[in-house]
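In what follows, a structure is listed as structure tokens, so that the remarks can point back to it.
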Amino acid sequence: MATPATSVPPSVVVHPVHSLQGDIEVPPDKSISHRAILIGSLAEGRVVVSNFLRADDCLATLNAMRSLGVPIEDTESGQIVIEGVGLYGLEPPMSTIDCGNSGTTMRLLMGLLAAQKFSSRLTGDQYLRKRPMERVIKPLRQMGAQLRGQDGDRLAPIEIEGAPLKSIVYDSPIASAQVKSAILLAGLYCDGKTTVKEPYKSRDHTERMLHKFGVTVEVTELSASVTGPAQLKPAEITVPGDISSAAFLMAAAAIIPGSELLVRNVGLNRTRSGFIDVLKRMGAELSGADVADDGLNEPSGDVFIRGKERLKAVHIGASDIPRLIDEVPIIAVTALRAEGTTVIEGAGELRVKETDRLSALARNLSALDARIEEKPDGLIIPGPQRLRGGAVDSFGDHRTAMAMAVAGLFADAPVTVTDTDCVATSFPDFFKLLREVSVER
Ligand code: S3P
């Protein structure tokens, strides 16, 4: 299946396959890896992180915390050892902190750095510098933070003047774990309770991890609070596999008949597992995902998928989106193999991800002759449809690249995905693993 194209180095040609077969592990969870480094750095003592994701986004967070004076060692045993400096032990960075492509790095750091006694500056790559930052600047300002962005405070680079912060109750207009986490991290430095309310529950890794480090965290269905000033005791963190990475392989196995794939140690936090529910609603044959979730620890399990000839279309609405926000690209591709019309609504947030993912999907799938309708906040995808081969682009976005690679597995002819370096953001060995599980036609 996936062979590197000779003419354009960062392109990959994906050939149609017979099926997928294998017993695999996917990379560690990106969201949890970021938080292990950020929160671990604030602990009072040694924090050992096992199964940390060594991909560009999380390495940006690791380097950022090193530049703030936190000793972090990538040991030969594979564990990351952080000598936590406590809430007040960070040092001023020598230069601008580069968050690369990582929105999580930038937005969470904004919350953390706003509360320091020194100033700092955050920047990112050409994609990150186009993503909205006022969603974090606004609540942090209400807490007393001194931050300034570019272009009317909408964009990075962000200048931060550390200042004493006060706790707030913030009613967030969007369900965003990055916004929520930035406020909760700032809240660690405040006197009293800082609360974030959201319209739908976003991923809760920050809340779970802060609780593990001994912070007073209160959670309701649509709110999360921390009480400061906090003191973080050391803890050990083991990161489960990333369901958002697993989703590409799970979807591919579900829609290619004859496939049998076991994905081991997948994170199954219920604020992240909307994709599994969607596969089930589509009639996919899937087992092992029904693990208990106590809301405190990060649950994981081994998920088995058997391919089926046809799935059923689904309707995905605004309340479903936060639990599968990063899986919409692969759900759109999966919908091409489903009977009926799949409707995805309330997904306007996809327009401000690493690229405009709704537009990228519509353009790429149209280029392969698929019928797909792009709406301001979603997609309409009739099915089943056949795809012709052709060339598609990642638009610099890892999840667009991987979703289109899966399209190539069942198209009538090879699909060339251009500009694939971006998979290093979350899943550096994606094409290698895809080759390993692919059975040729
Ligand atoms: C993330 C939250 C989500 C998600 C992103 C990672 C996180 O973003 O899309 O890939 O780790 O907090 P939003 O908070 O902007 O929805």
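We count from 1, first residue shown onward.
Placed from the backbone N, Cα and C atoms, the Cβ positions cover glycine too.
Cross-referencing LYS197, LYS201, LYS308, LYS353 with the 3-phosphoshikimate binding residues that TrEMBL gives (LYS30, SER31, ARG35, SER176, GLN178, ASP326) picks out LYS353. In this entry, phosphoenolpyruvate is bound by LYS30, GLY103, ARG131, GLN178, ARG357, ARG399, whose most widely separated C-alpha atoms sit 19 angstrom apart. ASP326 (3-phosphoshikimate binding site) and GLY103 (phosphoenolpyruvate binding site) are 13 Å apart (CA-CA, integer value). Between the alpha carbons (Cα) of ARG35 (3-phosphoshikimate binding site) and ARG131 (phosphoenolpyruvate binding site) lies a span of roughly 21 Å. Inclusion criterion for the binding-site residues SER31, SER176, ASP326: a C-alpha placed within 10 angstroms of the C-alpha of ARG399 (phosphoenolpyruvate binding site); this criterion is met by ASP326. With respect to ligand 1, the binding-site residues ARG35, ARG131, ARG357, ARG399 contribute no residue with a C-beta closer than 6 angstroms to one of its atoms.
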